[in-house]
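**Student:** Quick paste of what TrEMBL says about this protein:
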DOMAIN    4-286  domain 'Dihydroorotate dehydrogenase catalytic'
BINDING   Ser20, Lys44, Ser45, Lys164, Val190, Gly216, Gly242, Gly243, Gly264, Ser265  FMN binding site
BINDING   Lys44, Asn68, Ala69, Val70, Gly71, Leu72, Asn191, Thr192  substrate binding site
ACT_SITE  Cys128  active site, nucleophile
TRANSMEM  250-269  transmembrane segment
Amino acid sequence: MISATSFCGVEFGNPLILASGVWGSAASSLARAVENGAGGVTVKSLSLAPRAGHPNPTMVGTKTYFLNAVGLSNPGIEAGKEELRRYKELAAAPLIGSIFAGTADEFAQLAAAVSVSPIDLIELDLSCPNVGREFGEPFAYSAAAIGAITRQVKSATRVPVSVKLSPNAWNIAGLAAAAEAAGADAITAVNTVSGMAINVRARSPVLHNKQGGVSGPALFPLALKCVYDIYERVRIPIIGTGGVTTGEDALAMIMAGATLVGIGSAVYYRGAEVFKKIRAEMEGIMAEEGIKTLDEIRGAAHRACP
Ligand SMILES: Cc1cc2nc3c(=O)[nH]c(=O)nc-3n(C[C@H](O)[C@H](O)[C@H](O)COP(=O)(O)O)c2cc1C
C-alpha cells in the first residue's frame, strides 16, 4: 500500500527517511537504516574541516524528549565524501547530503564538493541551535540569510536542494517562502528546538554545552504545526521531520503536507527496526480507514474541519 515516493525527481522506495545526525556519517550505519526499511537516508551534516563537536555529556534521553548538543561533530567533507561513495556500494536507497557552514561562500563550496559524490539531494543545515557561541544565531532565523545562501548554493550545484528550517523561528512559513523564492527545491522542517535540562542534585545543567536541541515525542506537535503552516505558503515539497515515533505520527505529517517523513530520535525509542514498525503501523491504519495511497491524504488536514 505504501509505494515509492517521488521527491524532487528522485524515487524513494518509501517515504520514511533517516534524519540527519542520528546515525552519523559512516556508510555502514546509513546502510543499516536501509536494511531496516528506510526509504532513504540523510548523512550527518558535513563541514569543510573536520569538527570534534562539544565535550561530553552531549546527549540525554527521557521518555518524552531527547536533548542533544553534539555540536556538529563530523569528519569533514573530504573524508565524508568517501563515506558517501561507500554508502552507494552498500545500499541503493537515495542519499541526502547534509552540509553545514558559517558563510554563504562556504556553503557554496561545500555544495560543489558534495555534488561530485553520488548524492541525490543536498540538505542545507541552516538551523542547528547548538553552535551559537561559534557561529552566532542560526541562518534559519533570517529570510535574507536563507535567500542569500540558497541562491549561492543553487548556482554552485545541479543537485536539488532542500533548506532545513528551525522551529525556533517565529515565522517559519515566511522563511520557507524566502527559500522557495531563492530557488530551493524543497524544505526540510524541522531541526531541533532549543532546550535544556538541569540536574537538580548537582544543581547544574546536564549538558556540557548547557543548552541543546530538543527532539523526540515532545517536538512532534511543534513540527507538525510547522509543516502545516509551510504547506499553506509554498508549492515545493516538504520533508516533515520532528518527533515522528509511530505510524499515526507519520500519517499526520503527511496530512499536514509532508511528502517525505524524517525519522530521527525514534531509533532510540523503538530500535533500528523503527522504519519497518512505522510502515506496518501506517499500513494498518490505512487499511482500517480505506486509504489506498498516501497521495490521497497528503495535505488532507487543510481540507477538513473538525
Ligand atoms: C544526536 C542528534 C544529532 C543531530 N545532528 C544533526 C545534524 O548534524 N544536522 C542536522 O541537520 N540535524 C541534526 N539533528 C536533527 C535531526 O535531523 C532532526 O531534525 C531532529 O532531531 C528532529 O527529528 P526527531 O525528533 O525525529 O529526532 C540531530 C539530532 C540528533 C538527536
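Each residue's number is its place along the chain shown, starting with 1.
Cβ coordinates come from backbone N, Cα and C, glycine included.
Note that TrEMBL annotation is computational and uncurated.
Owing to the predicted nature of the structure, the values given are computational and were not obtained by experimental measurement.
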**Student:** If I restrict to non-local contacts, at least six residues apart, and a C-beta distance under 8 angstroms, what lies near Val190 (FMN binding site) in its own chain?
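**Tutor:** Residues satisfying the criterion: Ser127, Lys164, Leu165, Ser166, Pro167, Ile172, Leu219, Leu222, Ala223, Cys226, Val227, Thr241, Gly242.
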**Student:** Should we count any of the binding-site residues Ser45, Ala69, Gly71 as near ligand 1, judged by a CB under 6 A from one of its atoms, and which?
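**Tutor:** Cβ < 6 Å from ligand 1, in sequence order: Ser45.
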**Student:** According to DSSP, folded down to helix, strand and coil, what is Gly71 (substrate binding site)?
**Tutor:** coil
**Student:** Where Lys44 (substrate binding site) and Ser20 (FMN binding site) are concerned, what is their Cα separation in Å, rounded?
**Tutor:** 5
**Student:** Measuring C-alpha to C-alpha, could you say which of the recorded positions Ser20, Cys128, Gly264 are within 10 Å of Gly71 (substrate binding site)?
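**Tutor:** Candidates kept after distance check: Cys128.
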**Student:** Work out how many Å separate Leu72 (substrate binding site) and Ser45 (FMN binding site) at their Cα atoms, rounded off.
**Tutor:** 7
**Student:** Compute the average pLDDT of the predicted model within the domain 'Dihydroorotate dehydrogenase catalytic' (4-286).
**Tutor:** 96
**Student:** If you measure C-alpha to C-alpha, which of Ser20, Asn68, Gly264 (binding-site residues) come within 10 angstroms of Cys128 (active site, nucleophile)?
**Tutor:** none
**Student:** If you skip the near sequence neighbours and keep only those at least six away, which residues in the chain come within under 8 angstroms of Val70 (substrate binding site), Cβ to Cβ?
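**Tutor:** Sequence-distant Cβ neighbours: Gly21, Gly53, His54, Thr58, Met59, Asn130.
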**Student:** Between Asn68 (substrate binding site) and Ser45 (FMN binding site), how far is it from one CA atom to the other, in Å?
**Tutor:** 15
**Student:** Could you state, as a whole number of Å, the largest distance between Cα atoms of any two of Lys44, Asn68, Ala69, Val70, Gly71, Leu72, Asn191, Thr192, the listed substrate binders?
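**Tutor:** Between the most distant Cα atoms of the substrate site, 14 Å.
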**Student:** Taking just the CA atoms, what is the gap between Ala69 (substrate binding site) and Ser20 (FMN binding site) in Å?
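**Tutor:** So the alpha carbons of Ala69 (substrate binding site) and Ser20 (FMN binding site) sit roughly 14 Å from each other.
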**Student:** Counting Cβ neighbours within 10 Å across all chains shown, tell me which of the recorded positions Ala69, Leu72, Cys128 comes out on top.
**Tutor:** Ala69
**Student:** From the centroid of the CB atoms of Lys44, Asn68, Ala69, Val70, Gly71, Leu72, Asn191, Thr192, the recorded substrate site, which same-chain residues not already listed sit within 8 A by their CB, in sequence order?
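**Tutor:** Result: Gly21, Gly53, Thr58, Cys128, Asn130, Val131, Gly212, Gly213.
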**Student:** Taking the Cβ of Gly264 (FMN binding site) as the reference point, list residues of the same chain whose Cβ is under 8 angstroms away and which are at least six residues distant in sequence.
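**Tutor:** Spatial neighbours, sequence-distant, of Gly264 (FMN binding site): Leu18, Ala19, Ser20, Gly21, Val22, Ser215, Thr241.
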